[in-house]
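Visitor: Below you'll find the structure I mean.
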Amino acid sequence: MDLFDKFKIWVLLVCLISQLGHGFYLPGSYPHKHGIGDALSVKVNSLTSIETEIPYSYYSMPFCKPQEGVKDSAENLGELLMGDRIENSPYRFKMHTNETDIFLCKTSPLSADEFKTLKKRIDEMYQVNLILDNLPAIRYTQKETYLLRWTGYPLGAKVQDAYYVFNHLKFTVLVHKYEETNVARVMGTGDAAEMIPTVGSPVSDIPGYMVVGFEVIPCSVRHNAESVKNLKMYGKYPNEISCDPGAVGMAVEEGDSVAFTYEVSFVESDIKWPSRWDAYLKMEGAKVHWFSILNSLMVITFLAGIVFVILLRTVRRDLTRYEELDKEAQAQMNEELSGWKLVVADVFRAPTNASLLCVMVGDGVQILGMAVVTILFAALGFMSPASRGTLVTGMLFSYMILGIAAGYVAVRLWRTIGCGEKTGWASVSWKAACFFPGIAFLILTTLNFLLWGSHSTGAIPFSLFVILILLWFCISVPLTMVGGYFGAKAPHIEYPVRTNQIPREIPVQKYPSWLLVLGAGTLPFGTLFIELFFIMSSIWMGRVYYVFGFLFIVLILLVVVCAEVSLVLTYMHLCVEDWKWWWKSFFASGSVAIYIFLYSVNYLVFDLKSLSGPVSATLYLGYSLFMVLAIMLATGTVGFLSSFWFVHYLFSSVKLD
């Protein structure tokens, strides 16, 4: 291991340790022992809706505010980028202490603007998201024979042109008795329990409990105005409150005040702390998910095998026939050569816009490496849904570190195309550092202005913009330049054949070659379109995505199929004497992005039919465009590198001079 490799490992370790110690930390990410009567604090997240996909602050609505004032909780970079705004709330519990009829507050009379906004949010089906010990509040509803699970609860309901607000919450907190042996199993070894922060002595006889479930039932209750007139926060409501989730009673009008109350009950559960997220992961359709993924993998593996066999047999037959000819037959054949052998003097001719190709391939390597690292770590459990924001934060930091790979590949490919020429490597490195991030910055900034105009919490704050720009120019760009420097020092790849000065004329084709290139993306699309549905549902429908193991397998299959499809098309183009294979090999597999974008439009029209407003549709299409651009660069890079290896191997395996 040389000095540079050691340096990269140390940089990675420092980044991971700093993130684990600060950015990745969220309360509840490790077992917390609570004694009977200990205070439990409920936190609130942004209001969300699948109708608009625009999150808003919890306190943008007329809710009760905590006595100590609204305070932001610890947030990491990923949470801010995802639009999460976690704040404290006035809801207070005491461990294992049931309480009923707790008065919270009475709001000021609703102004015309507040009432209009409240009605609009109810019409748009906004959900209130509460969090206890890092567990989102979950709501169960019965639909025919199915028990549906939802995170959060609706802000209110509209019944016969009247608007009702859910102003009474019935909480159920599931707790499990604290067990040292149970906690030890969380970390995987019996000795690890000593490393877990605990409250009190591990041998204490005082019973302690861990929160393993958080359920909520919202109700709309009409409170007596005189009864709450002199009540203070956390006072006892004078009358018994009947919570019927099937009935509504608190209709709101302009000028009305809303009184909020709640009750909480604690239930001991057999659920253990490592399994407390199972309720959130067992969403409906799991069987269809597993069956569809398995079926897709089988079909794609079969198709990829056919492609590989056809390719192997075709190339081997051409090579064998050529090598078995005697010298006299070879001389005769040289006059009647056909197929890929005719383009021997042009196959390695530099493509048009060579620097752009090098930059796109370098960025594609960076994006693909980021995807592999992130999905692998997520599959191993390091980025579970229990730690909000860690997935996005991990993607961002792995992308920046892999700038070394982007600079190295882009510059080395540039030197290979230029037959060892070193001049211009700094320019190529700089372009690789700015090409994809620059386009992403332009798209996300445009979308951010839309969110700013909507006063949404999804808008990235200006301070975070500054942080992202500093990360880009202080970490990503220097690392890409370092990679380019080592790419300039590395030996370029020698071509096995010489290139003539005068390019060979390409025969007229019966059909446009780009038509076949664009159609080639259908096979890679077939490997991921089912998984794509669940990813889209996770992003836009508020579902929890957790099958990263399957996603990693699908990613591997996608890489294999992209390589084979591009390789086959490159061979077909060489057989018809078309030596301009460079860009076509990139877009043969990269064209899968076109079908993904069309699928995104289809998902918007048929699955997100309720998505309302031009701002929501623009946000959806903007984020989809950003996603397909990254996929195009990653898949196109796989196709180009496999084709480059194939062409180099093909023309170095047989003597043509």
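Any Cβ shown, glycine's included, is placed from N, Cα and C.
What TrEMBL records for this protein is below:
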type: SIGNAL; residues: 1-23; note: signal peptide
type: TRANSMEM; residues: 290-312; note: transmembrane segment
type: TRANSMEM; residues: 356-383; note: transmembrane segment
type: TRANSMEM; residues: 389-411; note: transmembrane segment
type: TRANSMEM; residues: 432-452; note: transmembrane segment
type: TRANSMEM; residues: 464-488; note: transmembrane segment
type: TRANSMEM; residues: 514-540; note: transmembrane segment
type: TRANSMEM; residues: 546-569; note: transmembrane segment
type: TRANSMEM; residues: 581-605; note: transmembrane segment
type: TRANSMEM; residues: 625-651; note: transmembrane segment
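What's the neighbourhood like for these features in this structure?
Guide: Long-range contacts of the transmembrane segment (389-411) within its own chain (CB-CB distance under 8 A, at least 6 residues past either end) are made by residues 8, 11-12, 15, 19, 23-24, 75-82, 84, 358-359, 361-363, 365-367, 369-370, 373-374, 377-378, 382-383, 425, 428-429, 431-433, 471-472, 475-477, 479-488, 490.
Long-range neighbours of the transmembrane segment (464-488) within the same chain, counting only residues 6 or more positions beyond its ends whose Cβ lies under 8 Å from a Cβ of the stretch, are 4, 77, 80-81, 396, 399-401, 403-412, 414-415, 422, 425-426, 428-430, 432-434, 437, 441, 448.
Away from its own ends, the transmembrane segment (581-605) comes close to residues 347, 351-353, 357, 360-361, 513-514, 517-522, 524-525, 529, 532-533, 536, 540, 562-563, 565-567, 569-570, 573-574, 611, 617, 620-621, 624-625, 627-629, 631-633, 635-640, 642-644, 647 of its chain (Cβ-Cβ under 8 Å, at least six residues beyond either end).
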